[in-house]
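Below is one structure; the comments refer to it alone.
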Amino acid sequence: MVRSISVLGATGSIGASTLDLIRRNRADWRVVALTANGDAAGLAKLAREFGAEVAVVADEAALPALRDGLSGTNIHAAAGASALVEAAARGADVTVAAIVGCAGLAPTMAAIEQGGVIALANKEALVSAGDVMTAAVAKHGATLLPVDSEHNAIFQCLAGNDIAHVHAITLTASGGPFRDWTLDQLERATPAEAVKHPNWSMGAKISVDSATMMNKGLEFIEAFHLFPVGVERLRIIVHPQSVVHSMVEYRDGSTLAQLGPSDMRVPIASALAWPARMHTPCAPLDLAAIGQLTFRAPDETRFPATCVARNAVIEGGAAPATMNAANEIAVAAFLDGQIGFTRIVQSVEAVLARALLPAPGCLDDVIAIDAEARVRARELMETAI
Ligand code: NDP
């Protein structure tokens, strides 16, 4: 049976991995919407290849280039934030939410309102919207499937089990490229060093988040919403090889883990084919060649981000959305050479320490919290903290 699919963030790393799987199973899929931010040429190429119905760039300045790239086709070209939401609201059997940052929230919510399967990579959207998003999923009968490798692993380990029997859920973390660096070395870490992840090939923002461990902090909050076992049952462990993608421990002492190669096509395939399985071109694990799997406790002195995130989710209300927005601004400032590496998480803490807006009750509230936190974070980027 042919299924329809939209890919929000088609020109990114997750977008490319998703479309690689679609390309290999072309007859099984009809492509509805593909979106990007400013990469009009890349998006036009993909829209042509996959015969998309609509291609949307968020950046309106990129629309002429997108139209040029699509000339001679009947693919509808559009631009801007509302066009992005309209594209997502066309609905598809599966929508892959792979925009980076809270920019993906409104289109993801629009897709959720159509029901269907949402394959969620865009963790920042769930971290910011939290209960607003999960309530919309329930209200509209959508199915939220995690694409993040850790959450996809947990989802697989929970299958066929009652979550009431879960003793603990453990998210694994590679520890990023600076895992073994001293605080002094971290002070001097450069953007080029931060985006060089040892195990995964990813977009720049999530690579920096992995280096600060804020990625694991965001994932902790993501897990809190996806798997309702409570903060005290959520754990993080550093596992440098990124072979065990996460684990679920049950009350009888059994721990189930999901293992796989460090290739996002595996969790994406799991979400696309769920509840069945599909073939991927990924080489199976060669555990004898890998030899050793090691684990250690996270060091929250050198990497305080996981502690900041845990406190934000415990505080609740506007804290997670504020944390996420402040982090997005700080990561962008670091990548621009404006602030040093260790100032990323320090500035997130400083933004969180100021008075917060009340808890969000709807999408507009989340967007307002996000906007206010960005203003405060940008002010901080200009001044010493
Ligand atoms: P990339 O930076 O590679 O791609 C981001 C995509 O979002 C691009 O298509 C980009 O368009 C688009 N985009 C960027 N800004 C905006 C905006 N303001 N409005 C609309 N679209 C925008 O990111 P990744 O693919 O690495 O990550 C995407 C999401 O998936 C993130 O939330 C990340 O945390 C999550 N994730 C990623 C993993 C990975 O392995 N990469 C693993 C697990 C989760 P353009 O190309 O035009 O800039």
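Glycine too: its Cβ is placed from the backbone N, Cα and C atoms.
The candidate list Gly203, Gly217, Gly230, Gly253 contains one residue that TrEMBL assigns to the NADPH site with Thr11, Gly12, Ser13, Ile14, Asn122, Glu124, namely Gly203. Site annotation (TrEMBL): 1-deoxy-D-xylulose 5-phosphate is bound by Ser149, Glu150, Ser174, His197, Ser210, Asn215, Lys216, Glu219, and the candidate from Lys45, Lys123 recorded at this site is Lys123. Ligand 1 lies within reach of Asn122 from the binding-site residues Asn122, Glu150, His197, judged by a C-beta closer than 6 angstroms to any of its atoms. According to DSSP, the domain 'DXP reductoisomerase C-terminal' (259-374) comprises 64 helix, 2 strand, 50 coil. Proximity to Asp148 (Mn(2+) binding site), defined by a C-alpha to C-alpha distance within 10 angstroms, is shown by the following binding-site residues from Ser13, Asn122, Lys123, Glu124, Gly203, Glu219: Asn122, Lys123, Glu219.
For the domain '1-deoxy-D-xylulose 5-phosphate reductoisomerase C-terminal' (144-227), residue counts in helix, strand and coil come to 44 helix, 11 strand, 29 coil, using DSSP.
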